[in-house]
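See structure below.
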Ligand SMILES: O=C(O)[C@H](O)COP(=O)(O)O
């Protein structure tokens, strides 16, 4: 990654650092500090430590290396990833969206929403199959919701990836969690893919429908009402979130956290849910609130978008690693696949 890119990333840490990245008072007593933040292992020297607030403390970044190993991905070392920080319009990156595989409540046809239910055996198989489909598409970072069905899907899918890197969940919930999950081998870091979990990508909160059977709910409230709750943009289910409300957190998270990574040439997989992904797709494809009512996402089917010139180009779902079509979408994808082919020879 270019030095400029690192410094801009660090500036981002400073700007947003007040709450999430605040260092402990003990650490501020030193004139230098090492920490891992937003996936970067950072060495800093404090120029002024009068302020106790990390976000206001002046510092000089001595060294910042990606702790998100795949950001500097050897397979991409000659590609755009290292040279793309000057708003280079030729930057191109892949975005894979995947709804989790079948969950135990999908199987029972229950409204699930924010309830944290695991995958069924079929859901596990769907996730593995999804992994095969995307196994030759580059993935530098993974975002999942905070719910186990999305996390299982991401992890299972990555067991199939030809790059053989290891997805590692980033624990940012406390300073201790960050410290205790550090990795001390740069080589091991390079063989890892950071997995960022975010509640904002969770399924819409289904309110008083959670745990109810979908068919029984139709019998009780009528087909039309239930369809309106499930698919309309702005009618929330009782005490729950409408798609619009879900979109306010999911799309905001996407814009603030995921889109900048794509702009920097990082290839991203997002494993999330029917409605959080519907709202993100609505944004990517500029769908109207009417058009989004017809958008249905199957469990465990990955969708590919190419990000280029600030636009998201829909590329459907890759069929499989042996299918050539998808890799012909862009030269970079074809080259990536070719490098993977060469690696196994
Ligand atoms: O939360 C749920 O019940 C499902 O994952 C999505 O439900 P929906 O198809 O009713 O939106």
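Backbone N, Cα and C define each Cβ position, glycine as well.
According to TrEMBL, the feature active site, tele-phosphohistidine intermediate maps to 100. Within 10 Å of the Cβ of residue 100 (active site, tele-phosphohistidine intermediate) there are 32 other Cβ atoms, across all protein chains. Annotation note: residue 100 (active site, tele-phosphohistidine intermediate) sits in a coil segment as assigned by DSSP.
In sequence order, 112, 113, 114, 145, 147, 246, 272, 273, 274, 275, 276 make up the list of same-chain residues 6 or more apart from residue 203 (active site, proton donor/acceptor) whose Cβ falls under 8 Å from its Cβ. According to TrEMBL, the feature active site, proton donor/acceptor maps to 203.
The Cβ of residue 214 (substrate binding site) has 16 other Cβ atoms within 10 Å, all protein chains considered. Marked as substrate binding site by TrEMBL: 99-106, 112-113, 149, 203-206, 214, 230-231, 274-275.
Under the three-state DSSP scheme, residue 273 (site 'Transition state stabilizer') falls in the coil class. Here TrEMBL flags 273 as site 'Transition state stabilizer'.
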> Which of the recorded positions 99, 100, 102, 113, 204, 274 have a Cβ less than 6 Å from any atom of ligand 1?
Replying inline: 113, 274
